[in-house]
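Only one structure is covered here, and it is reproduced in the block below.
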Amino acid sequence: MKKVVHVAVGVIENGRGEVYVTKRLDHQHQGGKWEFPGGKVEDGESLLHALDRELSEEIGINVVAAEPLVLVEHDYGDKAVKLDVWLVRGFVGQPKGLEGQEGRWVHARDLDSLTFPDANGPIIKAVQALY
Ligand SMILES: Nc1nc2c([nH]c(=O)n2[C@H]2C[C@H](O)[C@@H](COP(=O)(O)OP(=O)(O)OP(=O)(O)O)O2)c(=O)[nH]1
Ligand SMILES: [Mg+2]
């Protein structure tokens with residue numbers, strides 16, 4: 001059976017109906033598409049620790065308050081992922097792409113105008129249902 005890659009993902013919101021998205025680098029899996037920042041959970045690591053570590057590495061924030069939003073399993077054929085998505089309502093720092101990736105705040109209603117990986121459909125629905 002194919003190994004499923006477990007990913008901690010953060011939907012960071014700013015209290016004004018906007019969420020922070022970054023663009024995956026061209027050489028990455030699903031490169032060139034927008035994403036919610038996050039990355040692989042390491043062996044033995046808790047989800048919240050993975051979330052905080054990845055958001056710190058990728059966009060320079062630390063998580064203060066997060067709650068589970070949605071769990072998405074998706075098989076891309078070349079790779080299967082389990083996205084553990086958290087709504088991040090409290091954080092320290094100002095998000096910015098630290099790995100050369102583009103980043104921007106986008107209003108929840110405008111998420112449909114950006115291209116995300118196929119797995120992200122249920123995430124976008126869950127975000128839009130909040131507003
Ligand atoms: N972070 C993130 N990953 C996503 C999203 N949607 C989606 O299909 N993915 C997939 C793409 C990748 O196959 C996987 C996440 O891996 P990643 O590349 O972010 O992992 P990582 O940060 O640990 O980076 P790496 O150094 O191992 O490449 O999940 C999303 O919205 N955010
Ligand atoms: Mg990542």
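Each residue's number is its place along the chain shown, starting with 1.
Heads up, the Cβ atoms here are built off N, Cα and C, so glycines get one too.
Caution: TrEMBL annotation is automatic and unverified by curators.
Sequence annotations record features per position, and here TrEMBL assigns domain 'Nudix hydrolase' to 2-131. Annotation comment: TrEMBL describes Arg24, His29, Glu35, Phe36, Pro37, Gly38, Asn120 as 8-oxo-dGTP binding site. For Gly38, Glu58, the entry in TrEMBL reads Mg(2+) binding site.
On the backbone, the CA of Phe36 (8-oxo-dGTP binding site) and the CA of Glu58 (Mg(2+) binding site) stand 11 Å apart.
Taking the binding-site residues Arg24, His29 in turn and counting surrounding C-beta atoms within 10 angstroms, the largest count is reached at Arg24.
In this structure the C-alpha atoms belonging to Glu35 (8-oxo-dGTP binding site) and Glu58 (Mg(2+) binding site) are separated by 12 Å. Taking the mean position of the Cβ atoms of Arg24, His29, Glu35, Phe36, Pro37, Gly38, Asn120 as the 8-oxo-dGTP site, the remaining residues of that chain whose Cβ falls within 8 Å of it are Val7, Val9, Thr22, Gln30, Lys33, Trp34, Phe116, Pro117.
With a cut-off of under 6 Å between the Cβ and any atom of ligand 1, the binding-site residues Arg24, Glu35, Gly38 reduce to Glu35, Gly38. Under 8 Å, Cβ to Cβ, and six or more positions away along its own chain, Pro37 (8-oxo-dGTP binding site) finds Val9, Gly10, Ile12, Tyr20, Val21, Thr22, Glu54, Leu55, Glu58, Ile59, Pro95, Gly103. The DSSP secondary structure for Gly38 (8-oxo-dGTP binding site) is strand.
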